[in-house]
Amino acid sequence: MNRFDHRKYRPFPVIRKTDRRWPDQTLSAAPLWCSVDLRDGNQALMEPMNVSQKQRMWALLVKMGFKEIEVGFPAASQPDYDFVRWLIEHNQIPADVTIQVLVQARDELIERTYQALEGVHKAVVHVYNSTSPVQRNKVFNQSKEGIIEIARKGAMKVQSEAAKYPQTDWVFQYSPESFSTTEVEYAVDVCNAVIGVWQPTPQRKAIINLPATVESAMPNVFADQVEWFCDHVNQRDSLIISIHTHNDRGCGVAAAELALLAGADRIEGTLLGNGERTGNMDIVTMAMNMYSQGIDPMLDISIADDIIATVEACTNIKTHPRHPWVGELVYTAFSGSHQDAIRKCLAVQAADEPWDVAYLPIDPQDLGRNYQSVIRVNSQSGKGGASYLLEQELGVTLPRWMQIELAQPIQRETEIRAGELTPADIVGVFRREFMHNDGRYSLASYQVDKQGNHYHLQAALHDGNQVTLIHGQGSGAISAFADAMHKAMGMDIQVVQFDEQAVEAGSDAVAMAFVQASIRGQRFTAAAQDGDTLSASLNAILNTVNKALQHNLQVA
Ligand SMILES: [Zn+2]
């Protein structure tokens, strides 16, 4: 056989359905969301989250409005156990938020899971075992009957252990793991065995979670599986049908959406899609898909910069610049015809009318972003050569994102002047827009101490006639400075873009820094020039703060 030979694989069997109803359905409300960032997302990381990363992720999930959050696998992992205890013992769980923990259908693990949860007001205990043919035959070496018995016994143990902790409001959840590759009739048999043990009611529902543990078919096939399951499972009115898709074929979100059409109630996923292999289904994308159709997603995605910064800090995985809805480049047009169409639409878009702009499916400002057009850089292209001319004048190479930022004020200036700008004009626009030396704060002095990988920074800031001393720490001088500003002024600064360079023009080698920072969910871009790279960087950050203040953002 050839190395790359399609005959190695088989087509996924389809369900011959004659009563398919999901294609005629529409979505009109958000599902119940459950974040699995701290469990599925965490277990897939090269380096699992440490305690402070987990706490930061937890705080974000609560802030976004998640009401169900899977927080770990406490019986299998001591750090997860400790984190669950921290949440409970330090009263970190708001009254309207329910934590969920995962456990295999094994007695000793179920016992330890309940120990981890002792004292919690409410919790979902999520038990699972694997049900697909490959898992039965090759991994567990069990018959169909044997697998059902594991599920039934697990369900009984979950129930009997719960009875030992009557002060907690328990919710039971079962997953036939690898549901998407399990014969659908058999998946119903296994789940019916569990439901027979738990005897849920419409008032006290159980959750049956259907995972596409590995995405193995087109999303329409998965929707058929879900619809078939919902039609045949016992006591449907006493169940919450939950969906947990992965993204192996790149259709994790589509499969989850079609599964909602097919009758599901609840969606498990992660922020920006971190998770095993290609990841879990991305809740940010799915929530924004709904939002863009006029549906309240019941999650706050407006803090997109905060979401990205937190996920990147907790997972050490960068966000793709073209990630749906929130990537760095998704509200940027490079093509002249796109720019033209967008400008025409924006000019007539009224604030109180439904959004209707070519090439922009939503208003970027909803996510704290702006529409950005990029003028192509070319030394012969007149105003289009702004970045090029500026670079010649200042002796620096603008980072791509800075070119994007520069394009808009240059565009405005050419419109105001109705003519071509000289290189000096372009430098003037750049200094006025990004270097704000007349802002409220300026840097008087600073001192940095490095201890191992840790930076301590002290700085003195001029604030009118006063001098303010600030100090902070972080993994770099920049983050230590952001920490110092946060401590002194309660101002949350997230550096979104950062570049610094030596300036080549002139005999005194000086440095220029470019910073884009997210302050209270809004982005500000600034630059600064100085005798050394660090003071240029700190001044650039201060300039973003000055800009934010000029936009009337209050200092707490
Ligand atoms: Zn998963």
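Every residue, even glycine, has its Cβ placed from backbone N, Cα and C.
A TrEMBL annotation is a machine prediction, not a hand-curated record.
Within Asp40, Asp492, Asp499, the residue that TrEMBL lists together with His244, His246, Asn280 for binding Mg(2+) is Asp40. Between the binding-site residues His244, His246, His244 has the most other Cβ atoms inside 10 Å of its own Cβ, all protein chains included. As a summary of secondary structure, the region 'Regulatory domain' (437-556) carries 31 helix, 60 strand, 29 coil according to DSSP. Asn280 (Mg(2+) binding site) has a Cβ environment of 30 other Cβ atoms inside 10 Å. Within the same chain, the residues at least 6 positions away from Asp40 (Mg(2+) binding site) whose Cβ sits under 8 Å from its Cβ are Glu70, His244, Glu268, Thr270, Gly275, Glu276, Asn280, listed in sequence order. The average pLDDT computed over the domain 'Pyruvate carboxyltransferase' (31-305) stands at 97.
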